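These notes concern the structure reproduced below.
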Amino acid sequence: MFSWVKQEQGGRNKEGEMYQTVTEGLQTLYTKKLLPLEETYLFHDFHSPALEGADFQSKPMVLLVGQYSTGKTTFIRYLLEQDFPGMRIGPEPTTDGFIAVMHGETEGVVPGNALVVDPKKPFRKLNAFGNSFLNRFICSQMPNQVLQSISIIDTPGILSGEKQRISRGYDFAEVLRWFGERVDRIILLFDAHKLDISDEFSEAIKAFKGQDDKIRVVLNKADQVDTQQLMRVYGALMWSLGKVINTPEVVRVYLGSFWAKPLQNTENRRLFEAESQDLFRDIQSLPRNAALRKLNDLIKRARLAKVHAYIISYLKKEMPSLFGREKKKEELIMRLPEIYITLQREHHISPGDFPNVTKMQDMLQHYDFSKFPSLKMKLIESVDKMLATKIAVLMAMIREEESKLPPAMVSGGAFEGSEDGPFGRGYGEGISAGADADDWIVSRDKHRYDEIFYTLMPVNGKITGVNAKKEMMNSRLPNTVLGKIWKLADCDQDGMLDDEEFALAQHLIQIKLEGYELPNELPNHLVPPAHRKNPTADALYNHTED
C-alpha cells in the first residue's frame, strides 16, 4: 500500500488521503486540487472538458491519422491479425467515421450515442460535438490479446482536392484535438505515392500542437518503390512535414509495408524489418509508460489552467464598474498580446504556457468580462502546492509500482513471436551467426587469419599485445571498440593471443565492420575450442589446420 505524503499514525496523511495506485492518486489530485480552479475560471468552456474517472483508468490509446487509402485500417488489421467489426478496406475513402477498436468479451458494435453515455468508456465528453459526429462514431469490440493492453482509434481518411471542400457536418480538427489530448500515441500514416499534405491534413496536424512528443510518422507501402525512389520519397516527406510541424526536432519516421502480403521490392527487406521492430517496441512500451503519460498530461493541464485563471482575472480587474464596458472589452481583446507579455513578467510564466492568442480573442468575444471572477490566490496556491510537492511523490510511486510489478507489454497479434525463432530480428546474423552450427564458425576463415598470425612473430604459439595492436589498428576502428574486442578475444586473460584467440579477434572486427553490435560477454558458440571448459564438447568443433 502506497502513500505519497507523510503519514500520521493510523496510516493516513494530514489530509486523510491514502492511495492504492498512481491512477487513484492522479484522479483524486485532479478532483480536489485542479478541478475547482478550472470550474471557477470557465476553463472547460475555453479549452478542454473536465476529466472523468474513465479518462484516468482507460487503457493506452493509439490514434491513426492519414489521407484515404494510406492503409490505416489495414495497419490495424495487421496488428490484430484478424478482422474487426465495422472494418471496411478499399482504395477509395471507405472509413467515413471514427472507430474505437477496443477489447470486449464478445464481438459487436456500439453506436456513438450509446457510447457517450457509458461511464466506463472515456468518450462521454464527445457528446458536445453533436449528432452529426456521433452518427459517424462507433466502438468496435472484440476479444483480442492486443486489445487487452491498448485501444486503437481509426479515423476517416483525410480528403484532398475538391473533396476537402465538402463539409463533414462537425468540426473535424476539434475532434482530433480532443483525441490528441487523451491518447498515448498519434501515428500519421503516409503512402509512398501520396505525400502531398492537403489543407485538411495540415489543419489536422496543427490540431495536435502541444502533443509533439506523442507523434510518430509511418511511411507505408514503401516496398512499392526501389531504393533510389525511396530516398527521394523520404526526403520529400521530411520537407513536407517540416512546413507543417514547426519543431526543431526531426519527427521519427518509420519505413515499411504494414500488411501481411509479399514485398514487391525485396532489396530493402532488412531495413523494413528493422523499422517495423522499432515501431512495435514503441507501441509495446505504451502500457508501461501509461501512468507517466497521464501524469505528464495532468501537469500540462495544470499549467494551462493557471495561466487561464491569470488571464480571466486580469480582464475582470481592467473592466470599469459602470460605463463603457463594451468599448473597454474591445480594447482588452485587441491588447491581448500585450496582456500576455504583462502576465509573463508579473508571474514569471513561460510564453509557451499561454494559449493561442488568436483563438482566445475569438472566444472572448462571446463573454461578459464584468461577470468573470477575480483572482483567488487560494486556488492558485493549491495548484502550485500540487505541482511542487505531490506530483514529485507520485513520480516516486510510479517507480515503486514499476519495481514491484512485471513490465506491462503489448502481446499477441503481430507482436507475438516476432523476436523469437529463426525469423526474429538479427537471428543468424552478426554475433549470433553460427549459434546453431556444428562447427566453430571462426574456423571457416581461420586459414586466412593464420597467415596473418604467423607474420606477427609468435613466441611459443602466442603474439604479444603490441604486435596484435598493429594488425588490429588496420581496421580503423576506434580504440574503445578495439579494446572491447581484445577483452572478448583474450579468453585466458594472459595479455597475449594464441592462433584461435587471434582468429576470434579478427572475426569480431569483421562483425563490427559489417555494422553489427558487439556483446558484453562472449557467446558460448564463439569461445575457441581450446579454451572451452567442457573438453568433451570439442569433438563438435574440431577444425583442420592447413
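Here the Cβ of each residue, glycine as well, is placed from N, Cα and C on the backbone.
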Between the candidate ranges 409-431, 524-546, where does TrEMBL place the region 'Disordered' annotation?
524-546
Intrachain residues whose Cβ lies under 8 Å of the domain 'EF-hand' (477-512), provided they are six or more past its termini:
430-431, 433, 441-443, 445-446, 449-450, 452-453, 458, 461-465, 468-469, 518-519, 521-522, 526-531
Give the mean pLDDT for the domain 'EH' (445-533) on the 0 to 100 scale.
90
